[in-house]
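Visitor: Below is a structure I'd like to ask you about.
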Amino acid sequence: MRTHYCGELRKEHIGETVTFYGWVDRRRDHGGVVFLDLRDRSGIVQIVSDPQRTPDSYEQANALRNEYVVEITGRVTQRPEESLNTRIPTGEVEIYADKIKLLNAVGKQLPFQVSVADTETVREDLRLKYRYLDLRRERMAQNLQLRHQIVKAMRRYLEDLEGFIEVETPILTRSTPEGARDYVLPSRVNPGEWYALPQSPQLFKQLLMVSGLDRYYQIARCFRDEDLRADRQPEFTQLDMEMSFMSQEEIIELNESLVCHIFKTVKGIELQRPFLRLTYAEGMERYGSDKPDTRYGLELVDVSDIVKDSGFKVFRDTVTNGGIVKILPIPNGNDVISNVRIKPGGDLFKEASEAGAKGLAYIRVRDDGEIDTIGAIKDNLSEEQKQEILRRTGAKAGHLLLFGAGEAATVNKTLDRLRQAIAREFNLIDPDKINLLWITDFPMFEWNADEKRLEALHHPFTAPHPDDLSDLKTARAQAYDLVLNGVEVGGGSLRIYQREIQQQVFEAIGLSPEEAQSKFGFLLEAFEYGTPPHGGIAYGLDRLVMLLAGEESIRDVIAFPKTQQARCLLTDAPSSVDAKQLKELHVASTYKPKS
C-alpha cells in the first residue's frame, strides 16, 4: 500500500519506512551501487540500491530500465553533503530500497525520451501521437496540475464566497447563429433532423436566469468549427457565469475579485485593483487593438488632421475619403531598422501587407532632432506639419516613425501587428509582468462586407447601451472583455431581457420575424414570463491556463488536443464510419477522395 508520493518526501521523513509507485526516470550505476530516479505526478525521488546494505533489492534494481513501472519499499535517509540536490524538493533525502517489485516493463523502444534530465526538443506530432508518454514529462504534468488548481480556485470562490450554483446545460442542442460554424450531428430517431454541439451555453444560461436561479456557473465544454491557430481548438473549455439583478459595474467588480483570488491562490501573486479600463474606442485609438498588450508603450498617434492638407497625395486622399493616418513611433528605431526592412521584400513590409496594407511610409528623426524625410514624403510636408508631428508623437533623436494610411480597420490592424513585432524585437515585453484591463463600450454591430449586412460584434443577445436605443445600428453594447497581456481571456455583457428589444436586434442583423421565431421562439416566449435583468461572462480556461503556465500554445495545457487540422493524432479522429451506421442515420456522403 502506498504511503507517499515520490515528490512528497522531505527531511522530516528521515528514518521512516515508505512505499511508493512510479516510473524509472533514470538509472545510474556508480561503482556497483545503483541509483534510480523514480518519478510520479508529484515529482522525483532518488532510490539507492547498495549490494552491501540492501542485497535483496540490488538484482532487481540492476535490471530496471527507463519507464519501467515499479513498487518500491525502503527507508528514508539523509543524503551525503556532496550529493545534495537543491534543484528538486526531495534533494535532501534518498531512499535505500529494501524491496523492489517490477509491475510492468517497456516492450518497445520509446519514440522519445521522457526523462526529466533529457532536454531534447521533441516534434509536436510525435508528442501528440504518443500523448500518454508526453503527459509523463514534468512540464506537461505540471501544466495539467496547474489547470486543476485554477479550476478548483474558481469553484471555491464562486460557491463559497459568492453563492453561485453549478448547473450543467445540454451538449445536444439546436443550431443557432453565434458567429462560427456549428458541429452538427444527425438524429437517428428523428430522421432528417440535426443536433448541434453548443458553441457556448449562452441561451441556456439566460433561461436559467428566467428560472430564478440567480447565480449560475459551469465549467463548460464548447465546440466551434472554425479555422484553428495556436490559441484555438475545435473543442474548448469555458468558465461560464450568469447573474441576475447585477449592474455592469457589479459584475466587473465581482470578476476582478475572482481573478485576484485565482492569482493569489494558484501563483501567490497579489494583483492591484481596480484593473485598468479602456473603452473600445480608446483601445483602437491608442493601440490599434481591442485587446492591447499594455506591458510596453509604443502607443499609436493619429495625425490625420495634421496631414489632411499636405502635399503628399496618399495622405491627403486618404483623409478626404474618410480614412485615417496614424504613426507608430519607435524610439531608437533608426539604429536597428534599415530602409530595406520597410520596403517591398522586407520583413516589416511583409508584416504590414499580411494585415492588408499596400505599403509603409516612414520618416526618421536625425541626431540633431530634425526630421529626415525621404522618398515620396520629401518636400510634401511643410515645416509646420513636420514640427507638429514631432510634438504630437514626442519623437526625439533616433526615432523611426512608421505611417499607416487607409481605412481605419486596416490601419489599426497593420500598426497593431507592427507594434507587437517591434516590441518582441526590442525586448520590450517583461514576461513576468501581469497587465489586466477591461475593454468596454464595444459597438453593438459590425459590417459584414461579404454578406452585405450588419452582424453582432459579440452576439445578438447583448444589451445595447440605454442611451443609444434610438438608433441601434450605431449603438454601443453593454459589453466588457478582460484582457491579460494582450490576450482576451474573458468576455461578457449585460443581456437583453425584453422581447421588444430582442426583436429589434434580430431585425438589425437581418433576421425576419419568421426566422427569429423559428430559431429563437423559445427564448422570445420566455421573455414574456417575467425575465429579470441579467448579465454574465465567460472565461477561456485554456487560454488562461496557457498564460499562467507561460506556454505559447493552448495545446500544451490540454490533455488530448487536436492539431491545427482538427485531427487527433493519438486516436486518428476524425475517421470514416461504416455504411451501416450511415444508413441508420439516414445520411449519405457526397465526398469523393482525390485520386
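Each position is counted from 1, following the chain as shown.
In case you wondered, yes, glycine gets a Cβ from its N, Cα and C as well.
Keep in mind that this is a model prediction, so the values were computed, not measured.
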Visitor: Quick check on the annotation: Swiss-Prot has Arg224, Asp225, Glu226, Gln233, Gly540, Leu541, Asp542, Arg543 binding ATP, so which of Glu282, Glu285, Glu488 does it put in that site too?
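Guide: When Swiss-Prot describes the ATP site, the candidate it includes is Glu488.
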Visitor: Give the range, chosen from 202-205, 218-221, 250-253, 582-585, that Swiss-Prot lists as region 'Aspartate'.
Guide: 202-205
Visitor: As a test of the contact definition, list every same-chain residue at least 6 positions from Arg224 (L-aspartate binding site) whose Cβ is closer than 8 Å to its Cβ.
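Guide: When sequence neighbours closer than 6 are ignored, Arg224 (L-aspartate binding site) has Ala180, Arg181, Asp182, Tyr183, Gln199, Pro234, Phe236 within Cβ distance under 8 Å.
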Visitor: What Cα-Cα separation, expressed in whole Å, is found between His30 (site 'Important for tRNA non-discrimination') and Glu488 (ATP binding site)?
Guide: 52
Visitor: Should Glu488 (ATP binding site) be counted as helix, strand, or coil on the basis of DSSP?
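Guide: For Glu488 (ATP binding site) - judged by DSSP and reduced to three states - the answer is strand.
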Visitor: Quick check on the recorded positions: of His30, His458, Arg495, Arg543, whose CB has the lowest count of neighbouring CB atoms inside 10 Å?
Guide: His30
Visitor: For Leu541 (ATP binding site), what residues in its own chain, 6 or more apart in sequence, show a Cβ-Cβ distance under 8 Å?
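Guide: Those within reach of Leu541 (ATP binding site), by Cβ under 8 Å and sequence separation of 6 or more, are Arg147, Ile150, Val151, Ile219, Phe236, Thr237, Gln238, Leu239.
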Visitor: Taking the Cα atoms as reference points, how far is His458 (L-aspartate binding site) from Glu488 (ATP binding site) in Å?
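Guide: His458 (L-aspartate binding site) and Glu488 (ATP binding site) have their Cα atoms 13 Å apart.
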Visitor: Per DSSP, what is the residue count of the region 'Aspartate' (202-205) in each of helix, strand and coil?
Guide: 4 helix, 0 strand, 0 coil
Visitor: Looking only at C-alpha atoms, tell me how far Glu488 (ATP binding site) is from Arg495 (L-aspartate binding site), rounded to the nearest Å.
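Guide: For Glu488 (ATP binding site) versus Arg495 (L-aspartate binding site), the Cα atoms are 20 Å apart.
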